[in-house]
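S.K.: I have a structure here, written as structure tokens, and I will follow up with some questions on it.
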């Protein structure tokens with residue numbers, strides 16, 4: 001019996017609580033409906049709320065940037081999703097909470113209240129707005145509006161330090177139809193630090209490293225009223241890891257191969273092959289670089305200039321190889337080396353470029369031929385003396401044999417002397433080509449080191 005009595009009491013409590021809750025909810029709905037009717041029965045959403053002493057409405061504005069941004073360097077456009085926070089006071093929307101069941105906050109559709117016509121001045125294309133349908137009204141007349149917008153702006157990029165570049169992009173907002181005496185734009189809650197925030201993880205290519213906001217007032221000669229602009233600046237820093245692997249490392253490797261191809265022997269065919277490969281590689285890298293760099297640039301990117309220098313030096317290295325081959329094969333065609341060339345290249349420059357020192361007498365090659373000629377006279381004289389002896393002893397047959405032997409000796413002597421002179425000339429021209437190679441190598445190595453340090 002007691003159990004049924006307890007269950008009945010609990011059941012009655014539930015019924016009473018439900019009835020009271022429904023009554024309270026119904027009362028709240030009635031108060032809210034009454035408040036809505038009183039506020040908006042004669043409210044005009046197209047009229048600016050100008051109820052303060054200055055006759056203007058003050059808009060406190062703040063922006064929350066999402067770190068995941070999209071930068072299109074080719075079009076020089078920046079896309080970002082932001083959350084606008086705007087706050088102002090509309091005295092037409094004030095009420096006494098005691099008259100409406102203690103209601104102090106009301107959430108209403110944004111379309112039925114006046115909204116500030118703040119637009120993006122430097123935008124590209126249309127703005128895509130999300131969550132625009134609600135505003136929060138306070139009994140003090142304060143209106144709080146928070147909505148998400150997808151913005152696309154024109155951002156002039158400076159890629160001179162690509163891929164270690166930083167870009168500064170500006171977002172300029174202002175009232176489209178009113179001057180500062182009617183719609184007064186200011187920082188959110190009067191604090192610049194509360195007017196801009198950055199949230200969320202950064203993207204794969206860019207990260208926001210700095211941000212700032214400032215309020216500008218501009219006066220024009222036509223009008224005495226101020227025109228306000230809220231300018232937000234964000235500093236973007238590129239994440240260079242991918243571009244280092246794709247562009248920087250190939251550039252360094254190609255630049256190192258340019259001078260070191262001169263270490264190959266001048267007569268090697270692989271030198272011209274390597275030079276042609278380097279030229280084609282630099283051309284391909286320049287074409288690949290054009291895919292990420294805009295055409296209209298005020299200043300060229302350092303990496304692009306670097307590849308251009310690499311291409312120029314590759315062409316010069318190929319021409320130097322052709323010149324070295326020409327010098328290397330010059331001996332048989334041009335004959336004896338001039339003394340001035342021998343002195344400059346084999347006596348002076350050879351020691352400077354670490355190829356040793358030619359200690360031989362420059363005229364030694366010429367004297368060699370004289371010494372060879374000196375060998376001929378003793379043989380002829382001895383053969384003549386022997387001839388006289390043989391004439392007296394053996395007669396005309398032996399004289400003919402000796403004469404034939406003398407002719408053969410003179411022939412082989414001239415042939416050996418000619419080959420020695422040719423080998424001497426070839427050796428000298430070969431040494432000159434090596435000296436030229438080493439000079440060009442040091443010049444190229446120095447040039448590559450200098451413009452690599454300057455550009456990279």
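Backbone N, Cα and C atoms are what each Cβ position is placed from, and that goes for glycine too.
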S.K.: Transmembrane segment per TrEMBL: which of the ranges 190-212, 213-235, 305-327 is that?
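M.R.: Of the candidate stretches, TrEMBL labels 305-327 as transmembrane segment.
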S.K.: Labelled region 'Disordered' by TrEMBL, one stretch among 339-366, 367-394, 395-422. Can you tell me which?
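M.R.: Here TrEMBL associates region 'Disordered' with the stretch 367-394.
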S.K.: Report the listed stretch (241-260, 272-293, 305-327) having the maximum count of Cβ pairs within less than 8 Å of the transmembrane segment (435-454).
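M.R.: Per the Cβ count, the answer is 305-327.
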S.K.: Under an 8 Å Cβ to Cβ limit, what residues of the same chain, 6 or more beyond the ends of the transmembrane segment (241-260), are close to it?
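M.R.: Same-chain contacts beyond the flanks: 162-163, 205, 274, 278, 281-282, 285, 288-289, 303, 306-307, 310, 313-314, 317, 440-441, 444-445, 448, 452, 456.
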S.K.: Could you give the mean pLDDT over the domain 'Neurotransmitter-gated ion-channel ligand-binding' (34-240), rounded to a whole number?
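M.R.: Here the mean pLDDT over the domain 'Neurotransmitter-gated ion-channel ligand-binding' (34-240) amounts to 88.
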